[in-house]
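Here the structure comes first, spelled out in structure tokens, and everything after it is commentary.
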Amino acid sequence: LGEWVWVDSDIGVPIGARVKVTPSGQRLLVNDEGKEQEASLKIMHPTSVEGVEDMIKLGDMTEAGLLRNLLLRHKQGIIYTYTGSVLVAVNPYQDFPLYSADQVKLYHGRKLGELPPHIFAIAEACYSNMTRHLRNQCCIISGESGAGKTESTKLILQYLAAVSGELSEKRIEQQILESNPILEAFGNAKTIRNDNSSRFGKYLEIFFNEDGVIEGARVEQYLLEKSRVCHQALEERNYHMFYCMLAGVTAEEKKLLSLGHAKEYKFLTKGGCIVCGGRDDAKDYKRICSAMKILTFSESQCQDILKLLAAILHLGNVCFEALNYEVSVCFLKVHKSTLASSLTHRSFMTNRERVTKPLSCEQASDCRDAFVKAIYNKLFIWIVGKINSVIYKRMTKSTKSSFLSIGLLDIFGFENFRTNSFEQLCINFANEKLQQFFVGHIFKLEQKEYMKEGIVWNNINFSDNQNILDLLAGTHCNLLALIDEESHFPKGSDVTMLYKMNKQHKGNKIYIASRSEHDTDFGICHYAGVVHYDSKGFLEKNRDAVSSDIIKMVDVSTNKLLRGIFETELSTNGAQTDNRKQVVTLSGQFRQSLDSLMKALSACHPFFIRCFKPNNDKQSKLFDRELCMRQLRYSGMMDTIRIRKLGYPIRHTFGDFLKRYRVLLKTTICDPKSVSHDIVLLMIILYNVDSLFHRFSVIFVKSKMLLLNVTQDNTKQKRHFDRTFLRGYRARKGCKQKREAVILLQAYTRGMLARKTAQKMRNDKRRIVPEPVKETSVKTLVPEIKISTSPSTTPTPSLEEDDDEFDDDSDEFSFRKFSILHFQGKASHMHINQRLRQPLLHHDDEGDACQTVCWIIMRFMGDLPEPKSPDTVSHVSSTISRLTHRQNRRLSQKCSHDGGENKHVCYNADTLHSLIMSELYYSGVFLLSLINILIHFNIGCHCFCLSLMFLYLCRDEIYCQICKQLVNNKNRKSRMQGWNLLSICLGIFPPTDLFMKYLESFVRKGPSGYGEYCSERLRRILANGERKELPCWIELQAAKTKEPIDVSVTLIDDRTVSLHLDSASTSAEVCQALANKINLRDTYGFSLYITLFEKMWSLGSCGKHVFDAVSQCEQEMRRQGKEEKNTPWKLSIRKEMFTPWHDCSIDPISTDLIYRQAVKGIKSGEYTNEKVSYCMYFTNIKQMVLCMPCAIIKVSDLRQNKESVKGELVDSSRQKWPLYFSKFYEVTMMSGPPLPKSRFVVAVNWNGILFMDGRDKKLLELPYLEIKEKCTTKHTCLCVSPTLSADDPLILVCKRGDLLLLEEDEECSPDKNWIRAANQRTNSSGVVYKDAVQFLPTLTKPSEDILVVLPLHAILSWVRTNREKGKNMTNCVPPANVGRHGASRGVGKEKLWVCSKEPLKQPLMKYLVRNSDLSNLACNAFTDILDTNYMGDYPIKHVRSPIELTDQIFGPATQHEALQDEIYCQIMRQMTNNNNRLSMERGWQLMWLCSGLFPPSPNLMRHTQRFLESRPRDQLAAGCLQRLQGMRRSPRKFPPHQVEVDAIQQNSAQIFHKVHFPNDTNEILEVKSTTTIKDLCYNIASELKLSSADGYGLFLKTPNKIMSLDEQEYFFDSLRQTSDPPKKAKKVKEGNTNMLYLVIFKRKLWFNVSPGKDLVADLTFHFPQEVPKYLKGYHNCTKEDMINLGGLLFRVEVDSDRSQFVMIPKMLRELVPADQIKSMSPEEWKKHIISSYNKQSGITVQEAKIAFLKAISSWPTFGCAFFTVKQTCESSYPNIVLIAISKQGVSFIDPKTKEVLIMHPFSRITEYLSEGGYFQMTIGTLVRGVDFVCETSQADTMEDLLRSYFSMYERQREAFRPRNQMFS
């Protein structure tokens, strides 16, 4: 009893029924409709009894279950239901309170499915997906006409505007929202099934910035139904705008437009319906007008639109028998005869002349209808364009790709009327395309993804409408193609078109042919059902043509709007008259638009909303089962539920899965930064979750709650554990903080004691020679940390090891003999378990570094125990890092180049060990870090300042230490680790000649596998030279297996060739090996390329190491925070250069590769040429498409064979595109021909040398014939390896850092390893080894200043950078770092860090050079700094004021952050070595101004601070430093104000500004450059001793207006932004009346104002601000109030002087409201005021003011700001309304009666904005709000005041929000 079952029904699917018992005890079944049933099918699942929110959860997975679920929710008033991520929306045909601002807040930030189904949930999913995944989204809303698509679109748009509006100023959002009523008015109409049916398609794309704020939008419209303008079906209306215009315009406007009632116009009455229930046309018209004002439609534009609409209506009433055109010609502004002739005659061209033919009345009517439809269609397009020009204008300033977007598609629904015409065919075709997109996304792509990931899956059969699309537009001779073809035939007709369609597609099951020859209809079986179309008028509508006579008539019209909308036709009419081209048909245009729409949708992540209509009668609470069942079937909901339920709708990448769910594991090993995919699999296996499926790249999940359910059973225990863990965590955290604090204090104390000791030693004037610090001295630097050694980590010697063979004394080059000859002290050649106390080999100053290397090697081989914990060592390293940082800063001061002994700072070995150890443990990859350290030590400085000599000598030290640890090592694991390390080193750098033969002998005796492997690697690295980069990941893996590295090289035809490489392989070897494999003979010019992501660069075919490039790719991956092993690098081979004598016939393989490269480049757009077009070529062998320049194809070419054609294309490419086959170099010109730039790109090819600005602009071209010689002489070099003494007198003695000048020597050749040079310090000459010097890339001798200030580590960094880049161009100077101690560009005559008297040719900062715009701005700024009127270092004739110069210097930097460091460097440069006192004074002024505008970047900040600290004698240095350190906020937006420039030019660092108050007093206050409006308000309140600064604001008064200043802005920025600067720059003094602006401080927000509490506020602000409002008559007060207040005001004016009674009649305007003066005679006012005055005797003036305030404070309008506005929105209000804004809200007041018409509290105001003299405010809910629009010159002030009140209340809510909600 009471159980639910399924029973049969007459609609074809079962319905629900319940078992009931009659009073007689008989059991029966009663179905959902209340009818009795006899038999049941089966028991109903509980989910179908109660209903579910997501239909995937239904137990009865049948059509009946879906239908009943929708029925149950419809009865409950629930209109939204999920099907997975698809939302089903059932039109309720009534309003529901579901769309308030509270609902927006509820769904914002919540994931899909967390809350009940709602359209806001889909909108939030779009928004959050876009912001989280940075991918464009779209929402496709589909359904039949009347299902609610338009309303759904508006709701999503409202939600996005509300969410974005919280972050923006709510301007663009409101404009986008206001486009809806305009587009609906002109594009929507009442149909049989929908009162607001969209008769056009709309795709609204909303653009967001990176913060999720709406930046703009764009509307695309599709296929407006033009025929509705002239014809409507029964019970349908024309477009809304016509009825709104007739109902909403005033009587005066109606008379002007000669308009009457809607029933008077034929175009509005053909459907027999002029009224639409539920719509108020007059009210809608006001809404449309207000929307047009907000979207900046001018008054004249609005009037022109109305005139065209009126003309359409009047043309519809034209009777061609009577020819009544009078009214129409007035609005079209054409002559009556011209209009009559164009409508009643048709002209056309014959072979010889133009013939004019009269038309019949019916033909003239058709011509008139075509003209009217064209006017309305083009007017609609113009309106859409006007809207886009407003809401899309911000987007035109930047590229579309810099924004994210959400697209909303609101397009006409599927239609099936009694009579369906051409429009319905196009509409239904569009719906078929959208259905296919839905099917493709939900079914095809889903199942394809499962197949791709290898999931076992049985494909689901679903309804695919592809065959319908093929019939309509896909296959050959499809329906739309046949319609287009017939439209182009002059004699084509609807009959011939239908005949061809029937003949072609009669056998197609989807096409329903005509039953007889006389029938004009045909049918199509659409996805939503069969639709029959009437073919009458198809061709006419498809041609969509307006006669040339009509266009000529428009051409002579003087109506600007009419001519504007026909602009395209007017521009092409003349050309089409004589030589008519084939016009694009309407269906062709529609298909193109639809294709672009589908392409845009395919690029987005889609969300789907399927709108259902419950009945065709538009009745609420009526559910038509049969109609809904049909919609369910064709919408694919059943198939959607099946694939969602059986499939895996939720999926995560491995990284995302770990971040989300690793907390569910009972272990801590899952670190997302380091674990592999295997851990994820372990996680899945651990919990044995069957509903998770893993394959190649994605984890698929069936249910969102799946993983949470895993731990549901242990919830209580985990809560208790969490609380316990939290308490323990807090205790541990507190203890750790205290321990760290104690350690830090100890460190600082020890440091202080050490500094005192050092100072004492200096005072004793003892000379201290730096020596390595003893091992025990680490205790004085860091807290003592004991490291225990675990027994498990101690190496256990193996007893079964073989004896070493390295002690063979018979070997001349044994390692033992080398140790005897060269090792220091008592060091042996055998393995040890303790660290070395000194290096094995002798070194000058790298001893500590060598000891560190020993420690690393022993740690890696396992010969030393591991530290206790990484945290402990990390703490030690962090403490030492601070000390070493300070020590490193003093390093440059201790390195000198004078004649004394060279000094060098060495680091304590333990310090280095700790630092490196912390890095090794922190990275977690011990091996790679070790190799990084070793290689870094060999190519430069890693963490410390090590000299370049380490590169040459310490490599032997590394090899000796590794070999030593391998000799007599009984631990097998240690030995294998050692040999592995040795093999890696052998692939990176070779030993010196000293150790070469010994190392060769050593590795030959290596264990099985390693001997040959290491010997070969040594041979290879000797042959190809040392590497420049770290070993890459693939090399380290290959070293473990001792196997060659397999790589694939991609050819141009996408074939891949596999090659075996090793660590020393070069690009030349790879190219040659590849050529051998593919039989490539002509190898010249083919180069190896490497690709990473979208970047490709050439490795050439030379000695460059291939894996150096791979290592650079891995470094880029590491910089991006990704793993090196996942680096997607790829090798390929391409033709890079030609020889001048290239012959294609020599090598066909070479020709084929170059040919394919050219074709591929043409197709991809890489190779372009303006004069090249393309054609198709077919060979006789097989059909193939070749893209070739038509210029090289002749008629005879078609008979040539394929190889000759390829050869001609290659020769043509070589001749016409030499630039595309060139090698490029970046160079700087030292001397030569005058070019616009000194830095450019040189392109070298077979034809000559080109000098380019980028890759597009050619500066100069030099053929090889004009090049006489090339210069390759290196003039100077720097000694980096000292030769302190020499036995040979020919050897040059030099120290590190000595400058050597090269001498020409005939005996010196490039293949020798020595050169002849002269030491500039000792004036001696001799030979020196090339390895001991570093050549300086300069053509002139560097100055001594450069060598003094340039630290050695900067030179090394410079050397390393240039070597990596490989820029060895002759006479070219590579760029260098810029800074106080940076090197110059060229190190020539100009010194980049000292003052110059010449303008810059390029910026100082290297990153600005390639940006031409910023580069020019930077150079111009430096010229302004040098200007005669400023620093005076460069004479300029043009006289400019200081404020003009500061604007030019600092203005661009305030707008472009990249220029800010450049300005700092330019100023500091001009203040370095500048001996001009006046110039230095002006430079300090510029530095003072700059330090108050913006700070330098973090990289430059410390250099700038040191620059200022090093100049304590300059008066402004300390001030600049203080301003620099005080710049903690965002930088200024504008250059310095005139007041700032004046102050600093008078050498005053203090700035004073006058502030005025309402009581006509003022104060002069100090203002800083970084003072904000809020800061100044608080300073003024403090100066005046106000009780609070809240509610006050600063205002700027100019001759034109008064404006409020934003409290968050800087004070001087606000002045620059809102006022004109003074012409004369003088400090503001009291009494100066020549000011162009006044700064006023007054009360802005009137809250917590109680007269008498704060006397200063009452007397200074409240009284003088309230009296003018009272006297203007804004308040509603009684006669007694006015008399009482008049007496008080009189006392304020005269105090106790009774002799002034006679002046009362003349003073009435200062005592009585202006509108009440005439209510009594002056004498009566005098009598009453004197009486009131006498009653108040005995009070002072101040007391009278307070009494006045107390009297009016009880009025509801006290403290209001009043605005007089003009409105036309609300007919019940007067046209002129007084708006009062106060702390309660916004009140509308009748200015005559002073009665409050209505008061809107702030909680009811949802939107407000001002635009162009109009103010708009939305009152009500988010969706059902009422807009109020008014016109006022104070619109900006009203908006600013409302924003301030809203901000105040928001701050109060934040302040009083409970603490437990602060982080919700």
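Each residue, glycine too, has its Cβ placed from N, Cα and C.
A TrEMBL annotation is a machine prediction, not a hand-curated record.
In TrEMBL this protein carries:
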BINDING   G143, E144, S145, G146, A147, G148, K149, T150  ATP binding site
COMPBIAS  788-798  compositional bias 'Low complexity'
DOMAIN    50-720  domain 'Myosin motor'
DOMAIN    831-1040  domain 'MyTH4'
DOMAIN    1395-1545  domain 'MyTH4'
DOMAIN    1551-1853  domain 'FERM'
DOMAIN    1777-1806  domain 'PID'
REGION    594-616  region 'Actin-binding'
REGION    787-806  region 'Disordered'
TRANSMEM  920-953  transmembrane segment
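When DSSP labels each residue, the domain 'PID' (1777-1806) comes out as 3 helix, 18 strand, 9 coil, counted as helix, strand and coil in that order. Listed binding-site residues: S145, T150. The one with the lowest count of other Cβ atoms within 10 Å of its Cβ is S145.
For the ATP site, the Cβ centre of G143, E144, S145, G146, A147, G148, K149, T150 serves as reference, and the other residues of the chain with Cβ at most 8 Å from it are N91, N194, S197, G413, C611, K613. Applying DSSP to the region 'Actin-binding' (594-616) sorts its residues as follows: 9 helix, 8 strand, 6 coil. G148 (ATP binding site): 25 other CB atoms within 10 A of its CB, across all protein chains. Working note on the binding-site residues A147, K149: by count of other C-beta atoms within 10 Å of each C-beta, K149 ranks first. The average pLDDT computed over the domain 'Myosin motor' (50-720) stands at 82. Non-local contacts of G146 (ATP binding site) by the CB criterion (under 8 A, 6+ apart in sequence, same chain) comprise N91, T191, R193, N194, S197, G413, K613, N616, K618. Cβ neighbours of G143 (ATP binding site) (same chain, under 8 Å, six or more residues apart in sequence): K149, G413, F414, R610, C611, F612, K613, Q631, S635.
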